[in-house]
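In what follows, a single structure is set out as structure tokens and then discussed.
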Amino acid sequence: MKIRIDIPHHPYDIQIEKGCMAQAGQWLRELWQPQKVVIVTDNHVASLYAEKVKLSLEDAGFQVAVFDFLEGEERKNLTTVQKVYEFLVKQGLTRSDGIVALGGGVVGDLAGFVASTYMRGIHFVQIPTSLTAQVDSSIGGKTGVNTPFAKNMVGTFAQPDGVLIDPLVLETLGKRELIEGMGEVIKYGLIEDPELWALLTGLNGSVESILEHAETLIEHSCQVKRKMVVEDELDNGIRLYLNFGHTIGHAIEATAGYGKVMHGEAVAMGMVQISKVAEEKGLMPAGITQSITEMCQKFGLPVDYENWEVDKLYQALTHDKKARGNTLKLVLVPELGSAIIHPVSLEEMKDYLVK
């Protein structure tokens, strides 16, 4: 299946197909002329797929080198970026060459940032290997790295030339790594897609049920992301809906220490906490918090952060990218399948941190 991201200045396709990673070279040959390519990945993904993708690209006429770094959210920083820059220079990459981001969200965010800043921008594509990356972070052109102050604090908007999604690679994920991606999938059902929510309701929450329906879950999620990105590429309007649960979720990730709480886990806890307080304030319908909680728990996602420290979380919130002055654009779900922006002051945001 192909989904067109029809952004006027940079349209591209998401290709979703079981087993398509084996044809990565042929796919890329349709996008780029043979040239130098650097595969950016982490050491875990490299051990599984780097050689396979490298050989496929070489068979298609590309000159390929591989850069891998130690896996983990804590490596998504400017230190790693500098190391990638140095590798690209040693390989002699020019503005006519490109980067293949092969991995999960950490790899995709970092490799995209490198591609968008090296020589003021070179071509890149995404081959996501985690559920979170396949349904969310590989699509839409947000790139970035973390700082000690906040998640993704330094970044760019830079669209890839294409996204290649192979649902079969999810079978090599660990249980926790697969389940955390469901945080984003659940979010899509809540903010835009009641049909997806109904599908999730019918699943039993097991790893087997996720893998069996992975292609459908990915397609639904990508269609929602496509709609938001095409209408609002630079995150000024409806694309903000994609941040439901992320305001508190990002604060949890930052205060826990990057890599301790996975992104989808933090999003799940963020959705539950925001909904609980918003429901108490009459801003979200009665019973929705219970529905979100039960859905997250069914798939094995955490719904309560055990190291809840209001002061630390609030400090992290002050660096949120959705803040404009002293106002933060909070995303709420007034009914299943729709979302709204609810501006709150940073002072009011303290209410949403009360357990």
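Cβ coordinates come from backbone N, Cα and C, glycine included.
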Same-site residue for Zn(2+) (record: Swiss-Prot; known: His246, His263; options: Glu184, Glu192, Glu195, Glu309)
Glu184
May I ask which of the binding-site residues Glu184, His246, His263 is closest to Val107 (NAD(+) binding site) if we compare their C-alpha atoms?
His263
Give me the CA-CA distance between His246 (Zn(2+) binding site) and Lys151 (NAD(+) binding site), in Å, as a whole number.
11
CB contacts for His263 (Zn(2+) binding site) [other CB atoms within 10 A, all chains]
27
Work out the three-state DSSP category of Val107 (NAD(+) binding site).
helix
Among Arg75, Lys151, His246, the one of these binding-site residues whose Cβ has the fewest neighbouring Cβ atoms within 10 Å
Arg75
List, in sequence order, the residues of the same chain other than Glu184, His246, His263 whose Cβ lies within 8 Å of the centroid of the Cβ atoms of the recorded Zn(2+) site.
Thr132, Asp136, Gly183, Lys187, Gly245, Gly249, Gly264, Ala266, Val267
Quick note, Asp109 (NAD(+) binding site): same-chain residues at least 6 apart with CB under 8 Å of its CB -> Lys76, Ser137, Lys142, Thr143, Gly144, Val145, Asn152, Gly155
